[in-house]
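Novice: First the structure, which I've put down as structure tokens, then a few questions once you've had a look.
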Amino acid sequence: MEIRAGLSHALGAAQTALQHAQQAAAAADEHRRRVTDAVTGRRRKLSAARDQRIADIVSWHDTELAALAGAAAAAADRAAPGAAGEPWHSWEVTPLAKAAELRVGRLLLPEAPHPHPERTQRAEPSPWATAPGTPREPAEPLPDDDQPEVPALVPLLDHGHVVVGGDDRLADELVASLLLRALGTSAAGMVQIVGYDPEHLGGGLAGFAPLATAGVLTFAGPSELPALLEDMVGHVRRINEKVLAGEYASLRELHAVTKRRPEPWRVAVLLGAPELSRHERSQLDRLLRTGAACGVHLVIHGLAVEPGPGIEFVHAAPGDDARVAGAGDLPVRLDPGPPPGVLTATCRQIAEAVAAGPAPVALESLLPEAGQEWQESAAAALTAPLGDSPQGSTVRVTLSDYPPHALIAGPSGTGKTNFIYAWLGALAARYSPAELAFYLLDFKEGVSFARFAPGRRDPSWMPHVRLVGVNVNTDREFGLALLRFLGGELRRRADAAKQHEVTNLAELRAEDPEGSWPRIVAVVDEFQVLLSGRDAVAAEAVDLLEDLARRGRSQGIHLVLASQDVSGIEALWGRPALVAQFSLRIALPKARRVLAEQNNAADTLPRYHAVVNADSGAASANQVVRVPAAGDRDQWSALQHRLWRKRPAELGPPRLFDGDVVPRLAESPDFRALRPSESPAAPIALLGETIDVTARSARTVLRRAPGRNLAVLGTRVDEACAVLATAARSLAAQFEPDGARFSVVCLDQDAQAAAEALHARIPECGWYDSENVDWLLEDAAAEATAAWPADRPHFILIYAADALPGGKAAADQLRTVLRQGPERRLHVLGWWRGAGLLRDSLGGHASRTDPIGAWVALDVHGSELAPFYPGAGAPNWYPRPWRALHFDRSVHRGAEVIIPYGTS
Ligand SMILES: Nc1ncnc2c1ncn2[C@@H]1O[C@H](COP(=O)(O)OP(=O)(O)OP(=O)(O)O)[C@@H](O)[C@H]1O
């Protein structure tokens, strides 16, 4: 029992223990299941989070890379804009403000990104600013074409040199690309290429051949490498010395500071070379070191070059194997060479532009700032800029005691007139009219100086201009008149100088500060017309010129003589003393003889340039200047109006003498000044306008004295009628009504209308023709011989006096009137249709001619006038349309040329 009881107890305990154990096992199971579940869940979550994170990172990476590639492409665009980087299919010449890097191919980036289109387009905010980890939309792949392409660029112009190695064909294409892009990014002619291609004799640059015609491309022969290198080294030396001159470190810097580019880029293309000598090698190294600062660049293929600063190495190879040293290890895919069509067309275009010359510079560049005009004093000199020299410095021209006068030469069309405009404009803007006066004469046909005077379209004038003569090619007397006038002014100045005991203008001005002593600049364009021929006009002109040139220098009178060709002007070269005074010489392209004999600078001048030489043309004094365009009407009138508005109130317009214009009596100052008076003792008959610096009328005075008749000689009806009408109208203007008697006799049908018109203009004027002229003559002859004094003057105007009817009786009466009338205040103003016919009226060959005290000859040759001209000779007169020769015994030593007034 005990045992049983013991067993059963033990059993019970065992069962309990089992139960506990089973419970514990179940609990443990449960725990294990829960833990397992939790692990699985956590793992799933983690991997989801990881996936998300990875996706984010990939997306961020792609976007950043794309943005960076975009930024790189944009930077490349900026570094290589336009023609420097544009693909060939859309390529065109685009001159840039500064040198750019040049595209040779594209960089192959390590992982081609697939950016989101909006992101790559977006420039701001910078992709750098975005924190990593920010969720991004997944990148979408784009078609290949839209991927930002990052070009491979190499610097050349203003930076350094390029050495190309590798595949020959690809290297040639690459060199062609570089050169064309360099040409296309600069102004025509600013990149000059020298080719050295001993293997293919220029074949490597064949496409550029059109440039050779314009001198933009030259070739050095196989043996000429030393000369080529020497030449380039020479340029570097010269540019360092003269152009940079210690002031700038490089042309690039000079350009950045001054905005000027005085030298072209010179690119030497060396395509293969034999072994270089030590000297050649050192020249090459010198260029590689120092050339770029002076715009001398080398493009080398087939020649070993050590790496160095500023030297870019390109390895030409197909596919992805090309490399550009500047881009590190990145593979480069090279562009194909330029299409032949593009290459040839571009080269032609550049050659044409170079041949056409540089674009003109604006007149503005010579003028002081607006508001700064008229600030200079002309006491010592007149100085003005005329433009820039090719080296970029401003070229100034001075007129003073030395050099006092200028000689300008340039064949037609080379810009002589333009040069004069530019010079006068630059002077006029600096010196006020009180400091400077211009007298301008143009012997060429045309009206080039007319712009300085008021015209119908533009009422303004250049305030400094006192006289403008245009279309004076047949009126050489006008040139003479100007020289005489200047001679008078010279005397006035010399007298004043003597009075003040001074020797030149600067001193005179200091002694006489209140006086008006402007410097005078007298310009005579095509002055050879004045000096041509061996007549009296030429002789007097040369004498006057010589005197003016010699003495004018110290009195502030400066002569500027211009001509298409000074070489043949005998009157000039025959007088070495005269030529020597013209020490300022200005030669336009191809001008002959204006510079010294050995000085050929004008032969090679480009268009719109001039050689200015202040030392009588000695080569050492040459200054080349690029002349701005001053011919443009708009630019000119802007300047003229600006100065015109500033003119002093008392300054009137200049005298304009236009040889093509018939003057009008109503506008003659002398005619307008005539007033009627009681009984003028010396009535004035005006005859026409003199060819003079002032608009003066020629006149003859019909006082009571023998010989005071006027004869008009010649067959030209209109001119003869014009002279008679002028005389009659001017006489009539001096008398009260009834103060004088006028009779018009018309004996020529052709003059009828003019005679009638005159008759109608003069009140109470008698009219006679062949029917009743006998009455008048009878009356007049009686009057002329009467014993009683005449109560008033009587002017008889006879049209065609040689046609007088009435035979001998009438002729005698006329002779009596001519001989005796003037003393009785009876004056004949007659027109004879020839000098011989007048002689007949006076009584034939042996008769005296003194009843004709004054005459006006039209188409009558000088020699026929001898009998009416005192002394042995005949006046120098070759008839020309609407001009007449006037002579008045009582006042003239020689005859003067006049212009009849028009009939209106
Ligand atoms: N520096 C310049 N820049 C731009 N154009 C110019 C320049 N010089 C001259 N020209 C132009 O060239 C042409 C000829 O110039 P210009 O009339 O001055 O020559 P010229 O030598 O006086 O000829 P000509 O004796 O036949 O009158 C004009 O159309 C003028 O506008």
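Each residue, glycine too, has its Cβ placed from N, Cα and C.
On a predicted model such as this, the values are computed, not experimentally measured, just so you know.
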Novice: Which of these ranges is annotated region 'Disordered' in TrEMBL: 27-46, 387-406?
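Specialist: The range carrying the region 'Disordered' annotation in TrEMBL is 27-46.
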Novice: Can you list which of the binding-site residues PRO411, SER412, THR414, GLY415 have their Cβ under 6 Å from some atom of ligand 1?
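Specialist: Cβ < 6 Å from ligand 1, in sequence order: SER412, THR414, GLY415.
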Novice: Can you check which residues sit near THR417 (ATP binding site), meaning Cβ under 8 Å from its Cβ, same chain, 6 or more apart in sequence, and list them in order?
Specialist: SER448, ASP525, GLY631
Novice: Near SER412 (ATP binding site), how many other Cβ atoms are within 10 Å of its Cβ?
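Specialist: There are 10 such Cβ atoms around SER412 (ATP binding site).
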Novice: Test of understanding: give the count of other CB atoms lying within 10 angstroms of the CB of GLY415 (ATP binding site).
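Specialist: Around the Cβ of GLY415 (ATP binding site), 22 other Cβ atoms lie within 10 Å.
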Novice: I need the least crowded one of these binding-site residues (GLY410, PRO411, GLY413), counting other C-beta atoms within 10 angstroms of each C-beta.
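Specialist: Minimum Cβ neighbour count within 10 Å, taken over the binding-site residues GLY410, PRO411, GLY413, occurs at GLY413.
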Novice: What is the total of other Cβ atoms whose distance to the Cβ of LYS416 (ATP binding site) is within 10 Å?
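Specialist: Taking every protein chain into account, the count is 24.
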Novice: With Cβ-Cβ distance below 8 Å and at least 6 positions apart along the chain, what are the contacts of THR414 (ATP binding site)? List them in sequence order.
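Specialist: In sequence order, LEU588, PRO589, LYS590, ALA591, ARG607 meet the Cβ cut-off.
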Novice: Which three-state DSSP class does THR417 (ATP binding site) fall into?
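Specialist: Reduced to three states, the DSSP call for THR417 (ATP binding site) is helix.
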